[in-house]
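**Student:** Take a look at what Swiss-Prot says about it:
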type	residues	note
BINDING	K141, E178, Y179, D187, R211, S212, N213	ATP binding site
BINDING	D248, E260	Mn(2+) 1 binding site
BINDING	D248, E260	Mg(2+) 1 binding site
BINDING	E260, N262	Mn(2+) 2 binding site
BINDING	E260, N262	Mg(2+) 2 binding site
DOMAIN	104-287	domain 'ATP-grasp'
Amino acid sequence: MKIGILSRNASLYSTKRLIEACKQRGHEVRVIDALRCYMNINSDKPEIHYKGEELAGFDAVIPRIGASVTFYGTAVLRQFEMMGVYPANESVAITRSRDKLRSMQLLSRRGIGMPITGFASKPDDVKDLLDMVGGAPVVIKLLEGTQGIGVVLAETRTAAESVIEAFMGLKANIMVQEYIKEAGGADIRCFVIGDKVIAAMKRQGADGEFRSNLHRGGTASLVKITPQERKTAIEAAKIMGLNVAGVDLLRSARGPLVMEVNSSPGLEGIEAATGKDIAGMIVEFIEKNAASKRTKTRGKG
């Protein structure tokens with residue numbers, strides 16, 4: 001097969017591993033920077049050009065689209081879909097999961113457990129917003145943040161009000177969530193491919209750090225997940241319509257709570273923690289599914 005990887009940097013761990021996995025399994029592989037692609041939209045035959053040549057003959061494409069280039073990256077992916085190229089994750093599913101408000105609305109509509117969450121832009125009554133989510137302590141997030149950036153734990157009502165007012169000054173949309181104390185600064189990353197959790201790791205925040213992101217000094221270790229956690233992760237990925245997803249769960253007194261469904265989960269932490277060839281599993285999934293050229297949205301909404 002001829003497989004394209006949409007990635008801006010071929011030297012990133014996840015991209016390198018996917019290149020290796022494609023080559024090991026006998027496929028032709030090419031890394032494509034989506035931002036450098038340009039497209040013919042109006043033609044009877046949709047085309048993508050890159051570095052002065054037409055990109056043609058691809059059987060499948062693996063999107064590794066960074067959050068900052070979601071709009072153009074998914075537009076390029078959509079063009080590949082129009083050309084009949086099989087996407088490991090569909091453009092509509094990526095767009096859906098990148099919108100934190102939309103994804104949480106979809107998950108809540110289907111009864112998926114999640115922390116009590118408030119969304120706001122310019123709330124008239126900050127006190128009422130805090131009451132609505134059960135009061136302090138709360139976690140306050142900028143909607144556009146990734147890797148733990150723009151995430152603040154406010155332990156008192158006064159601190160929460162100050163942070164919300166400061167974020168409002170940035171003219172940013174914000175999310176206010178209950179703080180799940182019993183999670184102890186840890187979360188579970190479930191790696192879903194198709195309809196299976198193929199690996200899971202526990203991410204523990206550094207000392208004194210409530211965020212468990214590995215980019216912020218968190219550590220990863222192998223974890224055994226419960227049947228309920230497995231079911232929740234699979235269902236969350238399915239609702240988003242993602243074939244490949246990293247589902248982040250918190251362990252709470254009322255069961256697993258979904259924090260986020262990531263459409264471009266990193267491979268380094270989870271491969272190191274579990275010793276599994278996850279890149280190979282992604283390519284194997286593509287081999288089984290690309291032949292049928294199925295690009296119909298798996299999710300609803």
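Glycine is treated like the rest: Cβ placed from N, Cα and C.
Quick one: where do these features end up spatially?
**Tutor:** Of all Cβ atoms in the shown protein chains, 24 besides its own fall within 10 Å of the Cβ of D187 (ATP binding site).
DSSP gives D248 (Mn(2+) 1 binding site) a strand state. All chains included, 21 other C-beta atoms sit within 10 angstroms of the C-beta of D248 (Mn(2+) 1 binding site).
Non-local neighbourhood of N262 (Mn(2+) 2 binding site): S97, A245, G246, V247, D248, each in the same chain, at least six residues away, with C-beta under 8 Å from its C-beta.
Look at N262 (Mn(2+) 2 binding site): DSSP puts it in a strand.
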**Student:** Determine, to the nearest whole angstrom, how far the Cα atom of Y179 (ATP binding site) is from the Cα atom of E260 (Mn(2+) 1 binding site).
**Tutor:** 15
**Student:** Looking only at the domain 'ATP-grasp' (104-287), report the model's average pLDDT.
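**Tutor:** Here the mean pLDDT over the domain 'ATP-grasp' (104-287) amounts to 91.
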**Student:** Between the Cα atoms of K141 (ATP binding site) and E260 (Mn(2+) 1 binding site), find the distance and write it as a whole number of Å.
**Tutor:** 12
**Student:** Could you give the Cα-Cα distance between D187 (ATP binding site) and E260 (Mn(2+) 1 binding site), in whole Å?
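**Tutor:** The Cα atom of D187 (ATP binding site) is 11 Å away from the Cα atom of E260 (Mn(2+) 1 binding site).
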**Student:** May I ask for the distance between E178 (ATP binding site) and E260 (Mn(2+) 1 binding site), taken between their Cα atoms and rounded to an integer number of Å?
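**Tutor:** The Cα atom of E178 (ATP binding site) is 15 Å away from the Cα atom of E260 (Mn(2+) 1 binding site).
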